[in-house]
Each structure stands twice: as structure tokens, then as C-alpha cells.
Amino acid sequence: MESSYVVFILLSLILLPNHSLWLASANLEGDALHTLRVTLVDPNNVLQSWDPTLVNPCTWFHVTCNNENSVIRVDLGNAELSGHLVPELGVLKNLQYLELYSNNITGPIPSNLGNLTNLVSLDLYLNSFSGPIPESLGKLSKLRFLRLNNNSLTGSIPMSLTNITTLQVLDLSNNRLSGSVPDNGSFSLFTPISFANNLDLCGPVTSHPCPGSPPFSPPPPFIQPPPVSTPSGYGITGAIAGGVAAGAALLFAAPAIAFAWWRRRKPLDIFFDVPAEEDPEVHLGQLKRFSLRELQVASDGFSNKNILGRGGFGKVYKGRLADGTLVAVKRLKEERTPGGELQFQTEVEMISMAVHRNLLRLRGFCMTPTERLLVYPYMANGSVASCLRERPPSQPPLDWPTRKRIALGSARGLSYLHDHCDPKIIHRDVKAANILLDEEFEAVVGDFGLAKLMDYKDTHVTTAVRGTIGHIAPEYLSTGKSSEKTDVFGYGIMLLELITGQRAFDLARLANDDDVMLLDWVKGLLKEKKLEMLVDPDLQTNYEERELEQVIQVALLCTQGSPMERPKMSEVVRMLEGDGLAEKWDEWQKVEILREEIDLSPNPNSDWILDSTYNLHAVELSGPR
């Protein structure tokens, strides 16, 4: 007995300092965030849960922590906040994502943000920040995304930023910056888009020479090469020998110079690039233009063994570039039309400007007279659909925390497409197969922007319905009219895929006299109060029933028959974060009860899809607790 007591005392002495350290860390981070809350004006009570009496800020909405209860993410984008930032944010040593975009925050950017050495993404765009960009931000050695555009920042661009070798995306446009734009280090990768609309910036990338520097020489005019015959497998039906010879003569000097330069860089490769047709007036952002030959080699001649998937837009191939980087090459199938090259370049530019951690980032493109290809990073963990239904026995199933993270991440990506792209982008084919998973199983929305881009109108009528059966919103299928709410419907079905593990449309369910449409099948089980039967068997009982019910509630709100009644994706994000779901669900229940009482007839245009859009009794699920 005495020895047991001694062991207990020793363990207490060992563990108590660690516990004290954790409390101290949590208190510091909580105090810093509460200080931020005090200085911000919050008209929508977004920060209501930031209670200083709670030691651990990990319980607060819009705050994410790691397993050690350290804050790693603060998400307060598009929250209508005003006020200013506080230097105390510098104590969040493990913070990776600071998202404060699209608010009305004023004042300077605190130099203490340079202490956040684990920061990966700093998004302060679309605010009213003033003053200089802190030199201390150059210490953020892990930073990949730095977006300070659309503020009122002044002064010069700190040279220290060029030392951030990990920097992939930089946007300083639409400010009041002045002086020379650095062109060394990581800044050598960036194009005029990163610095646009800063009238007092100068340097080669801005096309405004700095005082005392020689004027820029305009580039020589580009001579369009004639079509060159290629192997018949790529659809060229012939070429005129004289034209080829003339084209070769005209372009002799350019390929020779390119070849000599290329040989100095890559002496072991056996192919070289020739100039491709390109409109010099179209800027393509921070994109690499690949040659067709380069992508042919990377994919082993677009071999069938390298096919990752097939879809309505074409096939996707796995490829390995000359430097060893794995990529996914999407080979688009489309009819060639007059002016199609310019349209393709314009759409590629729009896609490239949609940069968010939950969106699949376009790495480059290839355009020839016969081919259109897009190059993306390779996602080793595949898609949500493959992880749910096609995983090998050696791969563990997606657990419930991962599924929740996928739901929230994909919602954030779609919200960015709808609310922060100009023009906004409507996906039109949201489904589990188009939600990819990176190395950390973070959701990455793919295949966006491949349908026609939205203009500034609220809706767009297309000549062909894009999408997958089971995911298509009823109004889109019947009228061809799409909007953001079309994506919301598809997202709701994707949530049901996450919960059930099943396909959105599956004829195999007929064997059990079940509905082939996943939405109808789920509603049928809910009417029979068989919640446990719709849960993916791979989850077993390893999930929180309350959280499961809340995700189902969000899915049902997203799949309402009327697009006007569906929430926006930004509202979906807030509901998944725990903000506003109870009110939305209660409001929806009242509407459903009213429909039953007055026997409200459904829209006659939607009679055929009645089971998928109406008549779910309001008592199927308990409200949020």
C-alpha cells in the first residue's frame, strides 16, 4: 500500500508540470483570442462562443486545435467584422491558417504576425488594412499562401518576402504600394497579376520602369506557326509539306535559341519545346505552359495503365514530370470552334485565380491545335468516393472525425467559388468523386470551372445539363438553369454519401425494394425512425450520434426542392461550425408542418421528383442539442 502511494506521488510530480504547461499555453492562446474579440466589432455575434471563462479556446466556434489542444486555425472570413488586429496574436505559435478575409478590419498589420513561424496561409484580403507590409513576415518560412490584396497598404514591398522559398501564391494587388517590385528569390515566379493596380509600383513585372533604369524593350512580334502533322492517333488528318517547310524556315532561329538554352538546363532530356500558339494579350497568372510532348512523356503516351478516372470532361492520367513530380493530367474532350483558343485561355486564367486550400490548384496547361490539357497536383489519397467504396482491404476506412473535416473543408471550397471568385464559378457536378483528399485527408474540391463560367448574373441557362444522376438538382434538370443553389443540392447529396457510404444512384438497392435515389432512401429510413440503418457500416458505432444528426440536418436543408429555400454555401459553413443550425432547422420544421396542415401542392414542374424534394415529416430528427 505504501509503495503504491509513493508511485502515485511520483506520477503526480511528473504529470503536474506538463498539465501546468498545457494550462498556461491554453490560457495564453485563449487570452490572445479574447483580446482580439474585444477589439473587433461583431454585429452578427459570430464570436459569441469566445467565452474567456473557458480555459480551452478549442471549444470556441471558428477555432480549430490539434491533438495537443494548441490553436492551429482561426477562420473568420466573410463575417462582417470591423475593428483592428492585436499584437497578442503573435503568441499563437502553432497557428497554421489565419483567415480574416472579406471583412472591414482597419489599421496596420501587426508585426508580431512574423512570430507565427508555423503559418501556412495568411488571408487578409478584402479588408481596409493600412500602413506598410511588415518586414517581419519574411520570417514565415512555411508560408504558402499570402493574400493581402484589396486593402489600403502603403510603402514598399519588403525584400524579406523573397526569402520565403515555400511561397506558392502571392497577391498584393489593389493596394497603394510603391517602389520597385523585387524580382529575385521566390518573387521570380510571380506575374503582373500579383501586383496589379498599385500605381506607384515599378519594375519589369509592372511594365513601368523605375526612375533611372533603362526603358523596357518591347518583345519581338510572335509569328504564328502553321499546323504541323502529328501521329494519326491525335486526330490530325494531314498537312501540306510546303507549309511545314515554310514554317520550319520561319521558326528556325527561335527553336535553335530555345534548344541551346534548354540544353544548358536539362542536358539529359531528349525533347525540347517550340513556341506554341498564344495570345500575348492574355495573362495566364502563375501557371506553367507545358508542351504536349512533355505531357506525353510524363504519362507514357497517355497510356491506359495511367488512367486515374474518366468523366464528362475527359480522361485523367497520372504522370511524372522530368523533375520527378507526380501530376494528374486532364485531357479534355471538346469540339474545336472558331475563337476557341482565346476562350480556353480565358477560362484557364479564371480557374487559376481560384486559389484556396480546399480547391484543387491548377498547376499548368497545354494548348495545341488538337489538344486541351490541364495539369493538377496528384492526390495520392484519391477521392472521397474511392475511399468510401473502392478502398483496398489494407486501407482503413474514413473515420468520423475525418468525414466531418471533409464536410467542412469541401463546404469552404465551394463557398469560395461562389462568394470570392469574380466572376463567380458554379461547379455543377458536386459529388464525392469530385472531392479529392490530400496527404492529410483534407478535402480538395476538383473539376470546378470546367463547365461554363458564370457571369455576373444570378443564373445561367446552358444548352446541356452537366452533372451526375442522383446529384442533379431538380430545377437544373428540368430547366437547364443553374445557380449557386444547384451546387448546394449536390453538396447535400455528397454529405449523405459521407454518412452512408453509398452511391447517390444505385440500381442494386432495388433488390431490397429500396429507392434507387440515395436521398429518397435516406428519407424513407428517417420516416421509419431507423437512423442507425443509414450509417455506413464501416463506421460501426464509432461516431457521435448528435453530430451525425446535425450533419443529416444540414444535408436535408441543402436538398430542399425549392432552390430559394436552400442555404448558401457560406451559411452551410457556419452551420457545420455550429453557428445557426438550430434556428435554420427549427424554421424548416415549421414550414414542413405548415405544408402538411394546408396540404400544399408541390411545384407542378417537379411532380416526377416529388419523393426527393417534399414530404419529409418534421419529426424525423431531433433538433440540435
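Every residue gets a Cβ built from N, Cα and C, even glycine.
Since we're looking at a predicted model, the values are computed, not measured.
Sequence annotations record features per position, and here Swiss-Prot assigns ATP binding site to LEU308, GLY309, ARG310, GLY311, GLY312, PHE313, GLY314, LYS315, VAL316, LYS330. Residues near VAL316 (ATP binding site) in space but far in sequence (CB under 8 A, at least 6 apart, same chain), listed by position: ILE307, LEU308, GLY309, ARG310, ALA328, VAL329, LYS330, ARG331.
Taken from Swiss-Prot, the feature domain 'Protein kinase' applies to 302-589.
What Swiss-Prot lists as phosphoserine is SER291 (among others), and the listing cites experimental evidence.
In the three-state DSSP scheme, SER303 (phosphoserine) falls into the coil class. Taken from Swiss-Prot, the feature phosphoserine applies to SER303 (among others), supported by experimental evidence.
DSSP assigns SER352 (phosphoserine) to a helix in the three-state reduction. What Swiss-Prot lists as phosphoserine is SER352 (among others), and the listing cites experimental evidence.
Marked as phosphoserine by Swiss-Prot on the basis of similarity to another entry: SER386 (among others). Residues near SER386 (phosphoserine) in space but far in sequence (CB under 8 A, at least 6 apart, same chain), listed by position: ALA433.
Proximity of SER394 (phosphoserine) to non-local residues of its own chain (separation of 6 or more, Cβ distance below 8 Å) is seen for none. The phosphoserine annotation in Swiss-Prot covers SER394 (among others), and the record cites experimental evidence as its basis.
Taking the Cβ of SER415 (phosphoserine) as centre and 10 Å as the limit, one finds 24 other Cβ atoms among all the protein chains shown. The phosphoserine annotation in Swiss-Prot covers SER415 (among others), and the record cites experimental evidence as its basis.
Under the heading phosphotyrosine, Swiss-Prot lists TYR456 (among others).
Per Swiss-Prot, phosphothreonine is recorded for THR463 (among others).
Positions annotated as phosphoserine by Swiss-Prot, on the basis of experimental evidence: SER478 (among others). A helical conformation is recorded for SER478 (phosphoserine) in the three-state DSSP classification. Taking all protein chains in view, 15 other C-beta atoms sit within 10 angstroms of the C-beta of SER478 (phosphoserine).
All protein chains shown were included, and the count of other CB atoms within 10 Å of the CB of THR479 (phosphothreonine) stands at 12. Here Swiss-Prot flags THR479 (among others) as phosphothreonine.
The phosphothreonine annotation in Swiss-Prot covers THR559 (among others) and is backed by experimental evidence. According to DSSP, THR559 (phosphothreonine) is assigned to coil rather than to any helix or strand.
The feature phosphoserine is assigned by Swiss-Prot to SER606 (among others).
What Swiss-Prot lists as region 'Leucine-rich repeat receptor-like protein kinase binding' is 59-78 (among others), and the listing cites experimental evidence. With a cut-off of 8 Å between Cβ atoms, the residues of this chain six or more beyond the region 'Leucine-rich repeat receptor-like protein kinase binding' (59-78) that come close are 22, 25-26, 29, 33, 46-51, 92-103, 118, 123, 412, 415, 419-420, 570, 577-579.
Residues 64, 72-78, 81, 85, 89, 113, 116, 119-127, 147, 357, 419-420 of the same chain, all 6+ positions outside the region 'Leucine-rich repeat receptor-like protein kinase binding' (97-102), place their C-beta atoms under 8 angstroms from a C-beta of that stretch. Feature annotation from Swiss-Prot assigns region 'Leucine-rich repeat receptor-like protein kinase binding' to 97-102 (among others); the stated evidence is experimental evidence.
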The repeat 'LRR 2' (118-140), counted residue by residue under DSSP: helix, strand, coil: 5 helix, 7 strand, 11 coil
Same-chain residues near the region 'Leucine-rich repeat receptor-like protein kinase binding' (123-126), Cβ under 8 Å, at least 6 residues beyond its ends: 77, 97-103, 105, 109, 145, 147-151, 171, 420
Euclidean distance between Cα atoms of THR559 (phosphothreonine) and THR479 (phosphothreonine), Å: 17
Pairwise CA distance, THR559 (phosphothreonine) versus SER478 (phosphoserine), rounded so that it is a whole Å: 16
Assigned conformation of SER386 (phosphoserine) - DSSP reduced to three states: helix
Chain residues in Cβ proximity to the repeat 'LRR 2' (118-140) (below 8 Å; excluding those fewer than six residues from its ends, i.e. six or more beyond): 72, 77, 93-112, 146-164, 171-172, 177, 357, 420
Modified residues (SER291, SER303, SER352, THR559), the one with most neighbouring Cβ atoms at 10 Å: THR559
